[in-house]
């Protein structure tokens, strides 16, 4: 917004409690000239009154995420899953998938919209709280300093890129959360700090604060359902966009000529080019159904670290289970680990059965080995197969991008 001859501007009586500018040594030229944080005092000699408060994108997103989380809990019968299943105090993976969580096989099946909807879902109340706290601090700072349009672009672009990258590295993990988008704002804040270095007073304190926030959030990302690949890729893309969009003039001459320092211009070009190439690379990998976990098996530990209090398999859903259905309607599921369980009466062998709440112990990562032969010696299977009236014929059925043996009854 540029001051026009018809309007004079006054500074707010009270500076914002949040905002990157509170850490500057001197007020940047944009602030001095009334470009940011300014309100029109008079237009044509008449005082101008504000009819509606200024719309804040940050508050809007906090409200939307909170409402969506309430819907999640309602879909989960107004209860939290056990700590073993979901240590973040939230719904089951089934509910998250139903509401639009991302998982690569569902994306490949035409659910590309999940790359967007997953940004509005959260795995639990702890996940929601820390994300919204980060969104408030980072989003308000950037909105108070720069125009809302730039914040919106960085937020959604970083969130989308984070979802794409996580789908490539951890394709079988149920991914939810605004973490990628919020880490994009964090990366943009970091870039703004580097771009406008000369304007800052307490550089060491500000840098230490940024590092502490990053470490805490990356540690939270080691829990199930919280995607550290979205964190890291969101941070990198947000930092690139921040370099391209968040530079401020350091002198009045720069402001008048609309120029930036050579270092700011160089970082801006580098940031924009890097973000574009980074997004294009992983978009191609996703479109070609590339599974990066095959080339980097240990990368899964960057996303979730197993612990006695939770299971990383809780957020991993796989269709690598086998089913035997008998003429009496009984369906027996053999898990990838070799564990044998009985499905609810009347069930058909589908993806929903393998990942349902009753059979969640079947879920394992895709790179697990095939079931061992010991499953065929299960007492339950031996009992059913010993019945003369039951005859099973093996068939083959494609499911979730895999091929599994499925047994159907013959009369």
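Keep in mind that glycine also has a Cβ here, set from the backbone N, Cα and C atoms.
Model, not experiment: these values are computed from the prediction.
The compositional bias 'Polar residues' annotation in TrEMBL covers 1-12.
Residues or ranges marked as region 'Disordered' in TrEMBL: 1-21 (among others).
Remote same-chain partners of the transmembrane segment (57-74), defined as residues 6 or more beyond its termini with a Cβ less than 8 Å from a stretch Cβ, comprise 80, 90-91, 95-96, 99, 120-122, 125, 128, 131-132, 135-136, 139-140, 143, 148, 151-152, 155, 178. Annotation source TrEMBL lists transmembrane segment at 57-74 (among others).
Among the features that TrEMBL reports, domain 'Peptidase S54 rhomboid' is placed at 110-246.
Long-range contacts of the transmembrane segment (112-130) within the same chain: residues 64-66, 68-69, 72, 80, 86-91, 96, 99-103, 106, 156, 159-160, 163-164, 167, 175-178, 180-181, 217, 220, 224-226, 315, each at least 6 residues beyond the stretch ends and with a Cβ under 8 Å from a Cβ of the stretch. As annotated by TrEMBL, transmembrane segment applies to 112-130 (among others).
Under 8 Å from some Cβ of the transmembrane segment (151-170) lie the Cβ atoms of residues 57-58, 61, 102-104, 107, 114-116, 118-119, 139, 142-143, 178-185, 187-188, 227, 229-235, 237-238, 241-242, 245, 275, 278-279, 282-283, 285-286, 290-293, 296, 299-300, 303, all in the same chain and six or more residues away from its ends. The transmembrane segment annotation in TrEMBL covers 151-170 (among others).
Packing against the transmembrane segment (176-195) from elsewhere in the chain are residues 20, 61, 65, 96, 101-102, 118-123, 127, 131, 134-135, 138-139, 141-142, 145, 151, 154-163, 166, 206-207, 210, 213-214, 217, 221, 225-227, 230-243, 245-248, 264, 267-268, 271: each is 6 or more residues past its ends and has a CB under 8 Å from a CB in it. The feature transmembrane segment is assigned by TrEMBL to 176-195 (among others).
Here TrEMBL flags 207-226 (among others) as transmembrane segment.
Look at TrEMBL and you will find 232-249 (among others) tagged as transmembrane segment. Outside the transmembrane segment (232-249), and at least 6 residues removed from its termini, the chain residues within Cβ reach (under 8 Å) are 28-30, 142, 146, 150, 153-154, 157-159, 161-162, 164-166, 179-192, 194-196, 199, 214, 218, 255, 258-260, 264, 267-272, 274-275, 278-279, 282, 302.
Per TrEMBL, the feature transmembrane segment maps to 270-287 (among others). Sequence-distant contacts of the transmembrane segment (270-287), counting only residues of its own chain at least 6 positions beyond either end whose CB sits under 8 Å from a CB of the stretch, comprise 104, 107, 157, 161, 164-165, 167-168, 191, 233, 236-237, 239-244.
The annotation region 'Disordered' is assigned in TrEMBL to 368-402 (among others).
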Counts by DSSP class (helix H/G/I, strand E/B, coil) across the domain 'Peptidase S54 rhomboid' (110-246): 106 helix, 3 strand, 28 coil
